[in-house]
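Scroll down for the structure; my scribbles are underneath it.
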Ligand code: PEP
Ligand code: MG
C-alpha cells in the first residue's frame with residue numbers, strides 16, 4: 001500500500017474493515033469484501049488524510065498521489081483486461097466519496113469517467129444496444145458538468161425534458177440511441193455556452209478534476225449541515241474510491257439494487273431489498289422509477305405485479321442471498337448492500353451496517369443475542385439512546401375512524417400531525433414560529449435536509465423504501481410515508497390532491513401514519529406505545545449492566561406515573577413551585593406573597609398546607625417506597641404575581657384590593673436580576689415560615705403515604721441555591737425542628753436526608769465544608785451552567801446558535817454538559833464532598849441528566865444517579881448502561 005492509496009480487487013486488498021478511519025466506510029468495507037473473495041470490481045481508495053491535505057494546501061492534490069493512483073489503475077487494467085483512456089478496450093471508472101461516518105447523498109460522485117467522443121463509439125459497438133453507450137455518456141457529462149464544472153442540475157434536466165416532450169416519450173428509458181446522441185450534443189453545447197469551455201476529452205484530466213471535486217464536496221453546504229446535525233468533525237475529511245465501472249444498464253440481464261440483510265423497518269430476519277432491471281445505481285435511490293422487490297415474499301407483501309429478482313434471475317439471486325448471509329455473519333450486524341448485475345454477473349459495490357428504525361434495531365439486537373451472534377452487552381451498545389424517542393412516539397388510536405386521503409409506503413414509524421408545507425424553507429420558517437408542519441414533496445433531495453429536520457413528518461409521492469426521504473427520516477426518527485402514488489403534489493397551485501380528487505391547500509392539517517403508510521385528513525387522536533417485547537428485554541439487559549440509578553424530575557402525579565412506566569427508580573427532583581399555580585392555590589400563594597407581615601403570611605400558608613400535603617402524599621404513593629427528592633421553593637416570588645395591567649386588575653378584584661395598591665406591591669418586589677436575587681434558600685432564610693409549611697406538608701405526607709402503601713418513603717429534602725454552609729445550616733435547622741415536631745405528633749421519628757443543590761460555583765468549590773451539613777448533593781447543572789458561564793439560561797438562545805455557527809463552541813452547554821468548565825466544578829465538588837462525608841449521595845437533576853454524553857460524564861465522575869424528565873428515562877437507562885460498559889472496557893484495558 002502507498003502513502004495515499006490502498007488497492008483492492010481480484011480476491012485481495014490492502015487494508016480492511018479495521019481501517020475505517022483512513023479509508024472511510026465505503027473504502028474499508030470494499031477492501032474487506034475483496035479480501036473475503038466476494039465479487040468486487042477492482043479499485044483503489046484514496047485515504048481521508050489526502051482530503052485534509054487538499055484543503056490545507058489551497059485545494060491541490062498531495063505530492064505523489066497521482067503516481068500512486070496511476071499505479072493502482074495499472075493494477076485494475078491487469079485485472080479487467082481494459083485500459084483507461086484506450087479507444088479499443090476502454091476502462092471506465094467511478095469516483096465516489098466515502099467518509100468515516102455514513103453521510104448518505106451529502107457528497108458527490110462521478111460515474112463513467114473515461115468516456116469521450118471516441119470511447120463512447122467503442123462502447124456503442126461493444127454493447128448489444130448503442131443506446132447504453134450514449135445514455136452512459138450523457139449521464140457522465142451531466143454528473144461531471146454539475147459536480148466538477150459547477151453547473152446546475154436543472155440546466156441538463158430541462159434539455160432532457162424538452163427532448164422527451166419533442167419525441168413524445170414519457171420515460172428516460174424510452175429514448176433511442178440517436179436521441180441520446182442528440183442529448184449528448186446539446187449537453188456539450190450548453191456547457192460551452194454557459195462556461196465558455198469545452199467538455200474535457202482527456203480521461204486523465206477528467207480523473208484528477210473529479211477527484212478534486214469529490215474532495216471539495218466535503219465542504220458543500222449540505223454536507224456541512226449534516227455534519228453539524230450528526231456531530232461529525234470537519235477535520236475527518238472524506239476518502240475517495242476510484243473503481244472499475246460495472247453496468248446495470250446493459251439490457252434485460254442487467255440490473256442494479258440495494259438490499260438490507262434484515263428488514264430495516266421491522267427488524268424481521270428476512271432479506272429485504274429493491275432493484276431495477278436495466279438501470280444504473282442512482283436510478284434506484286432517485287426514486288424516478290418505483291423499484292421491484294428482490295424477494296418473492298417482499299413482492300407479495302407490497303402487492304406488486306412486477307416480478308421479483310428471486311423469480312426473474314434465480315441463479316444470481318441465490319448467489320446474492322448467500323453473500324448477504326455471509327456478510328451478516330462476518331460483521332455480526334445487519335448489512336445494507338449495493339449491487340449491480342452486469343449481463344448476469346453479480347458485483348458487490350458496497351456493504352455497511354444498515355440504518356434501521358429503533359424498533360427494528362431492538363429486534364435485530366435481541367434476535368442476534370438469541371442467535372448467539374452477539375453478547376447482551378453488545379446488544380445494549382447497538383442502540384443509540386436518543387433514538388428510543390422513536391419508540392415513545394405516539395401512534396394513531398386504532399378506535400378512531402380514519403379519513404384516508406391516500407397512502408404510500410410506511411417508511412419510518414410513528415404518527416404525526418401538522419400543516420402541509422411544500423418546501424424545506426417553509427418548514428424551517430414554520431418551526432421557528434412554533435408551528436408543526438408536514439413536509440410534502442414529490443421526492444426529497446439532500447438539499448432539503450434542514451426542512452426535513454424541522455418537520456414533524458415527511459410525505460413524498462414518489463420513491464421506494466430506500467429513497468432519500470425514507471433513509472433520512474428513519475435516521476432522524478421522524479414519521480415518513482413515501483411513494484404515495486395515489487396522491488399528487490401540484491406545486492404551482494400549492495395543493496396536495498388525494499384519492500378521489502380531494503384537494504388540500506398549503507396550511508391545511510393532515511396526519512401521517514408512518515407505520516401503515518396512510519395519509520389522513522386533519523388531526524387524529526393518538527395513543528402512547530406499549531413498551532414491551534424486545535424493548536423490555538433489551539432494557540432489562542441495560543438495567544443489569546448499569547451502575548447509576550435513573551430517577552425522574554416530576555412534580556405531578558401524571559409525570560410520576562409516566563416516569564414509573566418508563567422505569568424511573570424514584571424522583572430526583574420535585575420542583576414544588578409548579579404546585580402553586582392551579583386553581584385556588586395561586587390565590588393563597590399571592591395572598592402569602594402580598595401579606596404585610598409574618599402573621600398574614602402564616603395565615604395564607606395555612607391554606608396552602610393541605611394542598612401541598614395531598615400532592616406529596618400522591619407522589620409518595622405512586623413512588624411506593626422509592627426515593628423521592630422534594631425541593632423547597634426556589635423561584636423569585638414575583639413569578640407568581642400578575643404581569644399585565646389587565647391581569648393586575650383581575651387579581652386586585654379577586655383579592656378585594658385597589659389595583660393601584662397591588663401594582664405598588666408588585667413594584668416593590670421588582671428585582672433587577674431575579675435569577676441572582678431573592679430566590680432559593682434565600683427565600684427560606686428571609687421567610688422561614690414558608691420552609692416550615694413545606695417541611696410540615698412533606699413529613700405529614702410521608703406519614704400518610706407510608707400508611708397507605710405499607711412502604712416507608714425514602715425521603716430527601718433538597719435546599720436550592722446554596723453557596724454558604726451557614727445558609728444550609730439555617731434551613732436544615734428549620735427542617736429538623738419540624739421533623740421533630742411531626743415525629744412527636746405521630747409517635748415515631750421520621751427518617752429523611754437533608755441535602756443541597758450544587759448549582760453555584762462557590763458551593764462546588766466549598767463542597768467539603770457544605771458536605772459537613774449536607775447528606776446528599778444534587779447537581780443543578782442548569783443554574784451551574786448559567787452561573788459558571790455567566791450566561792442567562794433564558795437569553796442564551798439569542799446567541800448560542802451564532803456561537804455554534806462561528807465555531808466558538810461546539811455544543812449548547814445548556815443541552816450537553818460543558819465538561820471542561822462546569823464538568824470540572826462537578827468533579828471538584830464530588831471529590832471534596834466525599835472527602836468530608838464518604839457516603840455522600842451524589843446525583844444530577846439539571847437537563848443534562850437526560851443527555852447521553854453528559855450521562856457518560858456522570859458515570860465517570862462516580863455519581864450515584866441521574867434524574868431527567870419522564871420521557872427521557874429510557875434514554876438515560878440505556879445511556880447509563882452504555883457508559884458503564886465503556887468504563888468497564890477502559891478499566892480492563894488499563895489493568
Ligand atoms: C438546575 O438549576 O439545574 C435545576 C435543576 O433547577 P431549576 O432548573 O429548577 O433551576
Ligand atoms: Mg436551579
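Just so you know, glycine gets a Cβ as well, placed from its N, Cα and C.
Because TrEMBL annotations are produced automatically, they should be read as predictions rather than curated entries.
In the three-state DSSP scheme, residue 468 (active site, tele-phosphohistidine intermediate) is classed as helix. A sphere of 10 angstroms centred on the C-beta of residue 468 (active site, tele-phosphohistidine intermediate) encloses 24 other C-beta atoms. Sequence annotations record features per position, and here TrEMBL assigns active site, tele-phosphohistidine intermediate to 468.
The secondary structure of residue 845 (active site, proton donor), as reduced to three states from DSSP, is coil rather than helix or strand. Marked as active site, proton donor by TrEMBL: 845.
Note on residue 782 (substrate binding site): other Cβ atoms within 10 Å of its Cβ, all shown chains, come to 17. In this structure, residue 782 (substrate binding site) is part of a helix by DSSP. As annotated by TrEMBL, substrate binding site applies to 575, 631, 759, 780, 781, 782, 783.
Feature annotation from TrEMBL assigns Mg(2+) binding site to 759, 783. Every protein chain considered, the tally of other Cβ atoms within 10 Å of the Cβ of residue 759 (substrate binding site) stands at 27.
Here TrEMBL flags 436-517 as domain 'PEP-utilising enzyme mobile'.
Under the heading domain 'PEP-utilising enzyme C-terminal', TrEMBL lists 532-883.
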Do you know which of the recorded positions 468, 631, 783 end up with C-beta under 6 Å from ligand 1? 783
Using a 6 Å cut-off on Cβ distance, which of the binding-site residues 781, 782, 783 come close to any atom of ligand 2? 782, 783
So how far apart do the substrate binders 575, 631, 759, 780, 781, 782, 783 get, largest Cα to Cα in Å? 15
Please list, in sequence order, every residue of the chain apart from 575, 631, 759, 780, 781, 782, 783 whose Cβ lies within 8 Å of the Cβ centroid of the substrate site. 573, 634, 720, 757, 778, 779, 784, 845, 846
Return the count of C-beta atoms lying within 10 angstroms of the C-beta of residue 780 (substrate binding site), excluding that atom itself. 27
Quick one: give me the count of other CB atoms within 10 A of the CB of residue 781 (substrate binding site). 29
DSSP-assigned states of the domain 'PEP-utilising enzyme mobile' (436-517) in counts, ordered helix, strand, coil: 21 helix, 26 strand, 35 coil
Under 8 Å between C-beta atoms and at least six apart in sequence, can you list the same-chain neighbours of residue 845 (active site, proton donor), or say none if there are none? 551, 553, 572, 573, 629, 757, 778, 779, 780, 867
